[in-house]
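Visitor: My questions all concern the structure below.
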Amino acid sequence: MWLLGVSWALALLVTAASPGPPTAPLDPASIFADLSPAELRTVRTFLMERPELGLAPSHGGPLAKNSLFLVELLPPPKRAALGFLAHGGPRPRREARAVVFFGAQPEPNITELAVGPLPRPSSYRVLGLKGGRSVPFWARPMTQLEYELLHQALVDALAPLEPLLREATGFGFQNCSQRCLTFSDIAPRGLGPGERRTWLVIQRFVEGYFLHPVGLEVLLDHQDTDPQHWAVQQLWYNGLYFGSVRELAELHARGTLPLARLPEPPAHHLFSSYEPRGQFFTGTPTEVHGAKVCEPQGRRYRLRGNRLEYGGWSLAFRLRSSAGLQLFDVRFGGERVAYEVSVQEAIAFYGGHTPAAMQTKYMDAGWAMGASSYELARGVDCPETAAFLDAHHLLDADGPVRFARALCVFELPTGVPLRRHFDSDFQGGFHFYAGLEGRALVLRTTSTVYNYDYIWDFLLYPNGVLEAKVHATGYIHATFYTPEGRRYGSRVHSHLLGNLHTHLVHYKVDLDVAGTGNSFETMDIRFENISNPWSAGSRVVQPQGAEGLPTPAPPAWAGPAPGLTPPLTCPRYHLAVTRRHENEPSSSSIYSQNNPWDPPVTFESFIRNNETIEDQDLVAWVTVGFLHVPHAEDVPNTATPGNAVGFFLRPFNFFNEDPSVASRAPVIVRPLDPPTCSRLEIQRWTPPSPGACIHPEPFSYNGTYRQV
């Protein structure tokens, strides 16, 4: 069987669909490939031409309109996919999932459609959610149009505060050019169903503006689809609440308002920037290149479209615009071990003294973390030797948008042997030394969800181990410092509080070990205290937990995560195991962020149906996470060491021996004249020297993502 090893000390793909013909490639992995730009355009054109839908362009116009928000691949049903992959059945029908905002009707709502068959769609049908749930219009994710209207409403509403803001910060909203203010918005957007009112943190618009709050937070109600009815409901400034803009402006005009005066930001070496400053104590060089990854004899993996092969591994991959990386049809040695391994949700919930901080419960699928896959920098985000792939998304846009180099694939020296042994003769010599270098193949992408950057990795090891890992970096979500705020975080700069928060990441692991009929068992390790059978009168205390002592798990098993009490919509378990159902494809949705009180997808319902999990098609839902108490060293950015979590899939008596014995990379050294050991036999199956390791191309970066 295969074991899920979950590491709890914050210890996960996308295929970037490349431009190509609309017809799917012949490789079986292509049934899971993301939609090509041509397919995305075809689906959009087909829906835009349906008069009964009445769709308008995404950009411009009113909020109260019908518009196409998202188009992405709708994966085929598992039974159809396995029938094709394993039994030579027909290729599954290729379809797209389309999310439509119906805002121009008496009862606005969000509807999901299945559109197909691709590459030439001719019909669509409504995709129902589990339990027949509908999605209210107010639960929709934010769009660029709504942000533009929100910004304008904020600028207009805060005009009376311009003298206050200029005096206290030197920056403003009105007629600004280089010295402007901006905002970050908080979610959930309210305190109950039907609300859409958002706390906005006002910040100086400088490099790293997330670390430059000015002490003003504004609650703006934008529930109505007509921005003329939007209004500021409350304000918080420098520790005090105000019922209106006028009230705050009048206090400032009378000179009775305690101002939070901020120092002038320096022209260079701003604390929130990456500009080098200071010196290391030892003086060792940092202005020269450090160690690099190289492939002296070329790549040892094969990348064909969205199929990846490495050693014993073979898999298909894609990048969902909605939620990120997915692996499909994961095989080792030609045998399927998992049908799907994918990221589901990333959650961060905060505490604080300011209203924005105490309201923050981020659910990043609602911010399209899969489509936030911006360009990876060669030599920084991925080694120079990596293979880079583009991604194409159609999300809140009037055509597909190309995200260059959104995914990379590379072989990584782990810096530690996969296994090794020195067999000493205990007389100053040895019988033999043997070792196998540590290598792993890495599939990587990133999600930059406003301030935070998540680095998503899947690592494939030659011994049949798969690791899913996520690193957290980027800017902390910080608020204006007040003495009362010290209970909720750390003072990381003069006017800045780093708010404590918990990160939780949820994964779906659809294991198919020797077929789809799997069972789940827990192994209870305990100590026994027994009489010593070879020494009368003495006792032996030893661990007990062999294969003969499995504990059958109850129906829909769930192991709680001690010490964590996340919001109701969040995963609450290190590990939960359920029966697989086609109408439970994901544990979260893009709607949960703005409707956490009654979300369309509720993970708790997956595990409350009391179904047997013996000899069934099972899914393991894995939660990993960590508590982050920000500190001064999180400036300018949170560093990756110590801020990574994940889990392992490990074979457990699945093979007769370690499958990495098939590798031709070990080194074996035996003395020919023991115990003198002056003549050695060195066995290698690779060239004696790796050769030069140089990548001649200079660094380059573009960073744009444009409609194609």
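Each Cβ is built from the backbone N, Cα and C atoms, and glycine gets one as well.
Remember, TrEMBL labels are computer predictions, not curated facts.
Bear in mind that the values here come from a model prediction, so they are computed numbers and not experimental data.
Copied straight from TrEMBL:
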type     : residues : note
ACT_SITE : Asp364   : active site, proton acceptor
ACT_SITE : Tyr452   : active site, schiff-base intermediate with substrate
DOMAIN   : 39-123   : domain 'Copper amine oxidase N2-terminal'
DOMAIN   : 140-239  : domain 'Copper amine oxidase N3-terminal'
DOMAIN   : 292-529  : domain 'Copper amine oxidase catalytic'
DOMAIN   : 572-660  : domain 'Copper amine oxidase catalytic'
MOD_RES  : Tyr452   : 2',4',5'-topaquinone
SIGNAL   : 1-19     : signal peptide
Visitor: Over the domain 'Copper amine oxidase catalytic' (292-529), what does the predicted model average in pLDDT?
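Guide: Summing pLDDT over the domain 'Copper amine oxidase catalytic' (292-529) and dividing by its length gives 96.
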Visitor: With Cβ-Cβ distance below 8 Å and at least 6 positions apart along the chain, what are the contacts of the residue listed as 'active site, schiff-base intermediate with substrate'? List them in sequence order.
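Guide: Counting only residues 6 or more apart in sequence, the Cβ neighbours of the residue listed as 'active site, schiff-base intermediate with substrate' under 8 Å are Ala348, Ala472, Thr473, Gly474, Tyr475, His477.
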Visitor: Is it possible to get the count of other C-beta atoms within 10 angstroms of the C-beta of Asp364 (active site, proton acceptor)?
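Guide: So the number of other Cβ atoms within 10 Å of Asp364 (active site, proton acceptor) is 25.
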